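Note sheet for the following structure.
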Amino acid sequence: MPARWGCLFPGKYPCQTGLRHMSDRASVIYILDDDNAVLEALSSLVRSIGLSVECFSSASVFLNDVNRSACGCLILDVRMPEMSGLDVQRQLKELGEQIPIIFISGHGDIPMAVKAIKAGAVDFFTKPFREEELLGAIRAALKLAPQQRSNAPRVSELKENYESLSKREQQVLKFVLRGYLNKQTALELDISEATVKVHRHNIMRKMKVSSIQDLVRVTERLKDSLE
């Protein structure tokens, strides 16, 4: 094992035992780290079990060039000079990208790990770590990826849905999100309660949701792009 890999995997490299079932050529494992030696070590490990890999050393290049239609996961370094891993995670969320993320860090930063997990990360590893643990996290992430993509329309699509609302429907939506009843909304906008009900029906249809809870969820995702 080359010496530089020892900082990642304390043991024999690579471990092949019992991992063939993880091979999924339809999935892409993205690796974002500013250390080329780490990129080489991680990509070699992932390729050894038959998975496709795309490596990036720049956060901005990754955010601009990544194939967003591909299903897979992202192995993400926490500390990078251009942009932190948490910032990358936040930007992906703002873009509506639901790719599962596995964080790696050279420091035992518990508060940062808590933030990452709370924001939806699959796992958080501190170097060195066992390769079996990372491969297990990749396995879990690949199980999550199709479900997340099928259940989460992109922000661009949600914004398009929002912009299809009439000015009055957008006004009604604001009161719906504040928890106003139809009667209260009608008084605020000086329209009939029946008209409010029609607007609410149209809002739900255009936003492609079936419940107020879903409406709140999608508009929360839109908040940053509408401000």
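The backbone N, Cα and C atoms fix where each Cβ goes, and this holds for glycine too.
What Swiss-Prot lists as DNA-binding region is 182-201. Feature annotation from Swiss-Prot assigns domain 'Response regulatory' to 28-142. Per Swiss-Prot, the feature domain 'HTH luxR-type' maps to 158-223; the stated evidence is sequence analysis. Look at Swiss-Prot and you will find Asp77 tagged as 4-aspartylphosphate, backed by a curator's inference.
Other Cβ atoms within 10 Å of the Cβ of the residue listed as '4-aspartylphosphate' number 23 in total over all chains. DSSP gives the residue listed as '4-aspartylphosphate' a strand state.
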